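Heads up, the thing below is written out as structure tokens.
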Amino acid sequence: MGALRSATRSINLLILLPLLLPIITVIDPPHTRECARGVLLRSDGCRSNGSEEQWKGGGLGITSPPPFHCSSLPLLRQPSDRNRTPRAHSLVCEYQRFDGFYNNWANPNWGSVGSRLHRDSPSSYFDGVYTMNMSLPSARAISDLVFKGPSGIPHSRNCTTVLAFFSQVVAYEIMASTSVSCPLEIMKIPVPRCDAHFDPLCEGKTEIPFTRAKYDKETGGGINSPREQINERTAWIDGSFVYSTNEAWVMSMRSYHNGRLLEGPIDGYPPLNNPHVPLNNPPPPQIHRLMSPDRLFILGDSRVNENPGLLSFGLVLFRWHNYNADKIQAAHPDWGDEVVFQAARRFVIATLQKIIAYDFIPALLNGVELDPYTKYMPHVPPGISHAFAAAAFRFPHSIVPPAMFLRKRGHECEFRSEVGGFPALRLCQNWWNAQDIVREYSVDEIILGMASQLTEADDNIVVEDLRDYIFGPMHFTRLDVVSSSIMRGRDNGLPPYNVLRRSFGLPPKDWKDINPEFYVKNSEKMEKLKELYGGDISTLDSYVGGMLEGGDSGPGELFTVIIKDQFQRIRDADRFWYENKLNGLFTPEDLAQIQATTLHDIIKATTDISENMLQKNVFFWKDGDPCPQPFQVNNTGLEKCVPFMRFDHFTGNEVTYIFTLIGLACVPIVCFGIGHLLVKKRITMGWNEAFDDLSVSASVDDKESRSCYSVNAFEWLQEENVRQVIVEVDKGQLTVRKPRGRVLRKLVFATDAQIQLIHSEPRASTMHGPYVLITLPKTHDLVIRLPSDKHLGEFLMALSEAVRPLGGRVNAAPERNDLLLDRAETKERRQDRLDHFFREAYARTFDEHELCDSAVPVSADDSDTVLSETITRHELAQAMGMKESDMFVQRMFAVTAKQRSDCMSFAEFLTVLKRFTNASAQEKYRLLFQMCDIEGTGRVRRVEFADLIRSLSNVAGVKLDEHSHSNLVDSVLHRHGVCRELEYMNYEDFETIFGDVDHKRPVGVDFRGAKMRVNLKETASLSSFAVPSSQLVAIQKCIPKNIFSRWAAFLETYRQHTVIVFIFVAINILYFLERFWHYRYMTEHRDLRRVMGAGIAITRGAAGALSFCMALILLTVCRNLITIARETPLGEYIPFDSAITFHKIVAVFAAVWASIHTIGHCVNFYHVATQSQEGLQCLFQEAVFGSNFLPSISYWFYGTITGLTGIALVCVMSIIYVFALPCFMRRAYHAFRFTHLLNIAFYAITLLHGLPKLLDSPKFWYFVIGPIICFIIDRIIGMRQEYKQLQVLNAALLPSDIIYLQFKRPASFKFRSGQWVRVSTPAFSCSFNESHAFSLASAPQAPTLELYIKAVGPWTWKLRSEIMRAQANQSPYPLIHLNGPYGDGNQEWANYEVAILVGGGIGVTPYASTLSDLVLQTTSGRYNTVRCKKVYFLWVCPTHKNYEWFVDVLKNVEEHDEQNVLETHIFVTQFFHKFDLRTTMLYICEKHFRGEHSGVSMFTGLRAQNHFGRPNFEAFFRFIQSRHREQEEIGVFSCGPSALNEQISEGCSKANRVRNAPSFCHRFETF
């Protein structure tokens, strides 16, 4: 109880505090002196100087300043003359705020801007929360039934039009509760069929739009918190109609001179709206177009320019302020502008309070006055009530006339009879045109006219200017003010009529009791009204019932009570009310002067209207008052109202929208076209221009040293594939050599040869010409590019001289480059044609239609053409994977070609092919015997057989001297019973030699040219990897058979990748759904859902996911950070090897999200372009649009930062993505590199894209700030790892265009085996492709760094040329720039106890480092620290003879591999398969050679096992599983072409299906 009493005392103290503080303030001399020094305070407690502690109440802890003024001196004085001059004092401690806050110290928000409307009765929403009751009758039907009637009925109490329009001033002074809500809630008012104004065509489809009012967003959420509308004006009578409620607005209206409001060019008028203050500026319905806001006057209320009467009163009050300011300044010239302004404002507010409370209210309510003022009551809520705003104070609508008289100044009472050709100013034709009327006829004439003109009668009739022709939005220009009032009551949840009466202590009524007199006169109307409401008066709208109560005596008792209650609450709750003596604002003299001021006085002081031209009480006209109206205005004889018009906001935007969409759709198409042109241009040019400067340095032999003509050139092979050559022309032949001298091709001219030669047109060198196409029969064409037209002439002359001794002739003709290259049948094109003919010939010979080339349809009529096609010996050798000079080819060609020595037909070829395919093994050996039996004697010379074996050995790369080879052949023959003394061998000897061959497998010949292998099902020799049958059965049982288990095995193989991709996809989906949910369901106070539906949710969801993708994609290219992360525990869970693949996946997702976002916003922009100004204000709450500006689709696309950057992003992304496609990336790599630099622009533009905050604050930078920082750090690390000007210690040009570089190792350079670096050189430049990635070949322990580089592109060819030049001139090698090292999956080989390394071709380079590192660690005593216990190395290469450098590495590794950790297998793919006839002969020799040389191969000199053909990785992995069943996981590392990596991945996936066996983890690098 003690606590309760304490709380009660505290509450009472807080209530009494506002009353006690003025007393303390007045009697406190120091405080008064402080005020005298000019300390100015606002009502929120802010002070211009002094400390806040000075305001603390003694012991009470009150930090707020006193609530009242500390002035006790008179504000006004009564001058001796009749012009009363207001007096203000400088001792002002508090100025009343413009926004109404802190009027009540206990409840600072009461009566302020944005406060809720006051509920004086329970809400009556349909659902109890916010839903309008749409089951009630149509508001338009009620309006037509009850409120329609004749105009021109004079007011029974002779109220003037001043009362009608001043009531609008009062309404705008204290409330603005009809602003549209956000989101727009547009309800439809059904219009009765055949409505004379809204449905003249009787369509029955017209609906009047009604927009629900703005409300407090914290309400409407439940039954205990129903929707509450807000008042955007102050509820106080504080002059906000004159001064505004916004301080910035007030500041724009002030002149800051003598306390006056700013005047425009015309004296007595405010300036026009050149600053574009946000005044209301709807389109005048009579004009139906948006007008410039510059034409409007700037006053305190944005609605003041609505009609001439309202504007006239606004100008009068504007002048009234300046009038008082001038008087105060004249009386107190020492006062500053602010003091004078505030003094004048206080006096204006006070006079306005007096006129409204004590003059206007009695006039409106037929003599009903407010109760006498007693005191300030802080507990009384001043808020505007729903009943007042939505019903009661709409009663003055019934007294508004349809037109306004204009009366000239003077004593003759002359009314204007020609106002636009009519006797009065029609209201419906002058909405939002008031400023022109005022400027043309003056305020005086409008005021005089209103003072003489009587209003319409106090009844239920509303003139058609309001009921049918009130202004509306652009898309529906005319509205019904009565229908809107009825709907507003329903919108505000007003209770029904009788419920509202009970709330105000009035008894309920029945239909007949509402207005008995009206019921008697209009019983039929009342019965129809009753019928509309279903006879239930409990549902009657309060507005309708209240209006029906009214009559000649003014508003009925309900509206009278509501209006009186409202203004009494406003008066009593106002701390600044002029009658509140406690606030110290005014002295008794001041109060007397205020009480004596009337609207008549204000008008007379602010206009040129004289005393005898205006009655004392301007609200009434009585007999004897000046100038009665000439007649009661009605619709007759007035200007006709323009009927309502509709408008589609999208009208006129169709063309722009369609062409914009077409343009956006064409952007990627144009990019495709540009990419295609670049590729085509490169194909047309035949090469990259980077090759142009190579010819000057490619020559190895000087021209003068040769007797024949030679020229440096480039051979054009196909599209971008070219090679540097030296062309030599000698008598009867043309030779194409490599720069180092090896012959690439030789053309021998026959006698009387007719050489067809086509060359480029003159001056083709500007397009990378001239080209020369040489066509010879029975072989593919030769296309070379010469350095210049001068060289072309020399070449033609030399070629003519070379064939002249043979009687030949050169037929030369010029041609365009592109046509020349199109008709060239190069080796590749010839090979494609041969492949086609091979397939067709196979299909027809073996009746295997599945072998047909489906890509090239061939009719049955082509059979003879196919079978009669000829191929040369060279082409046969190519088809067999051998050279034309190889003995095996020559012997086979001799056996096959029966009629010609230089070519054979397909029919002849297929005859032999059948023998190799379908014949028995003995017949195949007999064919081989025939190939050796040149003379056909039935026996073969021992030497010839040895020569055939030697030829095949040379092809296979066997490095044996003559003596060793002879001993090997003798040993093989001797072991099979052929004596050394025998000079000849017969067929039986052949059968004995091949007796060791497994005849279960058919022996044939592999013809690679056909890209197929007939009867050669096994692709590799893997007999050494055979799994024991017992284990094989166990393994087969462990292999799952159903599809689910296979999927499980696949997921296990790629578990890391699967988890990462799953997380990535999940985050994408989550971001999308989160943004989708937010914009679909959470942004209810934005107009997004109404305008764009699900479209905005989809586009914003896509934007969120896109932001995530574009942030993540940056991390995938941070190579240095990835290299560091590999060394951390993250490397165990994240497959960093697939960073680039993941980069592509992220890019694909980003492209999908970007497409959804773009397409969605194209649709959204259409919806936005259909919106009204109100809809746009709700939709884009951060944007400000001019009141005369309705944004078109052009504006949204091309007039906003969002639109322009969106289009720019579409263009940039299209360029980046199109040129990143493999088809363009491979053939126009420079374009790919260049366009990828646009990513910088992409991120910058994306950041700009969200800056306007049209829909939301930008979020993209939240996503990218972290990745951008990581990217910058990565680049900083990269710069720290740059090593400049490294000296090349040694270099060599190896076979197969491989370049060997050995250069100095920087002291701080540390790396792990398997890593790679980026290399560039200042010796030459190559656009956009300066740095190139190469794997390190040296061991981490080596003092130098080594690289093996294959020359395949412009940069590597230039490097090769520089090395050639250095070697030829004995000059220093070019310097090297190094950047790295960078991590790679191959560096993790040491993390597994069993590792499998697979290198393909030049992909063995990283394993040169890895294997060297392995043996160095195992031989250095650190073997116990090396986790890897067994390494299987598989080398897949076309032929190892071109990789002798790597063979040397393997020899060194084998020599040092004391622990037998390494097991090597070499697969030669360019030679033959195990069961190829040629391979069989070599296997026999290899078997004997290994037996006699401690297991060393005759092919490589290594102990490594050799296999001919491609490895069967599935079988190999099964073998490894059987051998190492104790392991849980085995690492598989590969480097090579993508096809090789795919085969390994597939093999791992299949092997991982086996349960209870080691799983394989594949890491790879693709080049």
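The first residue you see is number 1, and the count goes up from there.
Glycine too: its Cβ is placed from the backbone N, Cα and C atoms.
Annotated features in TrEMBL:
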- 1-26: signal peptide (SIGNAL)
- H397: heme b binding site (BINDING)
- 655-679: transmembrane segment (TRANSMEM)
- 920-955: domain 'EF-hand' (DOMAIN)
- 1059-1077: transmembrane segment (TRANSMEM)
- 1097-1122: transmembrane segment (TRANSMEM)
- 1134-1156: transmembrane segment (TRANSMEM)
- 1195-1219: transmembrane segment (TRANSMEM)
- 1231-1248: transmembrane segment (TRANSMEM)
- 1260-1277: transmembrane segment (TRANSMEM)
- 1281-1388: domain 'FAD-binding FR-type' (DOMAIN)
Close approaches to the transmembrane segment (1097-1122) from elsewhere in its chain (Cβ under 8 angstroms; 6 or more beyond its ends):
1064, 1067-1069, 1071-1080, 1088, 1136, 1139-1140, 1142-1143, 1146-1147, 1149-1150, 1153-1154, 1156-1157, 1160-1161, 1164, 1242-1243, 1246, 1255-1256, 1259-1260, 1262-1264, 1266-1268, 1270-1271, 1273-1274, 1277-1278, 1281, 1382-1383
For the transmembrane segment (1231-1248), give me same-chain residues lying six or more residues beyond its boundaries with a C-beta closer than 8 angstroms to one of its C-beta atoms, as numbers and ranges.
675, 678, 1110, 1201, 1205, 1208-1209, 1212-1213, 1215-1216, 1219-1220, 1224-1225, 1258, 1260-1261, 1264, 1268, 1328-1329
Average the pLDDT scores across the domain 'FAD-binding FR-type' (1281-1388) and report the rounded value.
83
When counting Cβ pairs under 8 Å to the transmembrane segment (1059-1077), the leader among 655-679, 1134-1156, 1195-1219:
1134-1156
Does H397 (heme b binding site) have same-chain partners at least 6 apart in sequence with Cβ under 8 Å from its own Cβ, and which are they?
V462, L466, V481, V482, S485
Looking only at the domain 'FAD-binding FR-type' (1281-1388), what are its DSSP counts of helix, strand and coil residues?
20 helix, 42 strand, 46 coil
